[in-house]
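Following: one structure in structure tokens, then a few remarks.
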Amino acid sequence: MAERGELDLTGAKQNTGVWLVKVPKYLSQQWAKAPGRGEVGKLRIAKNQGRTEVSFTLNEDLANIHDIGGKPASVSAPREHPFVLQSVGGQTLTVFTESSSDKLSLEGIVVQRAECRPAASENYMKLKRLQIEESSKPVRLSQQADKVVTTNYKPVANHQYNIEYERKKKEDGKRARADKQHVLDMLFSAFEKHQYYNLKDLVDITKQPVGYLKEILKEIGIQNVKGIHKNTWELKPEYRHYQTEEKSD
């Protein structure tokens with residue numbers, strides 16, 4: 001850091017406030033396709049009964065997605081994205097930029113955190129289905145060789161990957177944690193089939209430790225505490241592709 005020279009603190013001196021916003025991966029990929037410094041969408045900030053409501057609308061010419069996971073596709077990205085506002089939580093967060101000459105500049109201090117989420121729509125559910133289908137395809141494919149393969153590979157009692165997997169299973173009980181995005185994909189796929197699940201069934205479907213699974217479920221789901229669906233989980237409204245049923249008390 002010392003070798004990079006001076007640090008420009010103009011942003012701190014001007015007390016510039018910035019927002020730290022988490023956006024879906026597909027949205028950042030579509031932004032990257034915008035020509036030059038072109039417009040990517042519109043941000044709307046409004047007051048509703050004293051509460052601040054923020055939403056982002058993606059430009060129509062950036063809504064077409066032509067590939068998913070490197071494979072050709074034809075689907076429209078959701079255009080409407082309401083924000084879920086969050087507090088900074090007593091943290092001091094700053095934003096820096098680095099120029100081509102390695103000069104660091106402090107652009108501002110984070111005054112608001114938020115998550116940009118797609119509004120529930122047919123486009124979003126179709127996109128999720130394609131992503132889930134793509135992620136469920138086998139990474140390795142078998143291919144018949146037309147000649148003898150000569151290598152120096154020798155059989156081993158156990159591969160390093162399996163050894164590491166077994167070690168993780170022992171550390172985390174009987175189940176090893178999978179990548180969070182993979183677990184989310186499995187959950188979305190399950191909720192495509194049924195609206196309600198009890199935790200035991202979701203554990204059987206995902207093969208994940210109960211504590212880890214509940215952490216992820218709390219981000220996308222709601223646990224019903226009364227009515228005919230008591231003790232079951234369902235998706236939060238923003239992730240649903242169906243109309244909400246009226247629940248009995």
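Just so it is clear, glycine is given a Cβ too, placed from its N, Cα and C backbone atoms.
What Swiss-Prot records for ALA2 is N-acetylalanine, and it gives similarity to another entry as the kind of evidence. Summarising the annotation, Swiss-Prot assigns N6-acetyllysine to LYS22, LYS33, LYS137. Summarising the annotation, Swiss-Prot assigns phosphoserine to SER142, SER248. Feature annotation from Swiss-Prot assigns DNA binding site to GLY227, HIS229; the stated evidence is similarity to another entry.
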In the structure shown, with every protein chain counted, which of the binding-site residues GLY227, HIS229 has the densest set of Cβ atoms within 10 angstroms of its Cβ?
HIS229
In DSSP terms, helix, strand or coil for LYS22 (N6-acetyllysine)?
strand
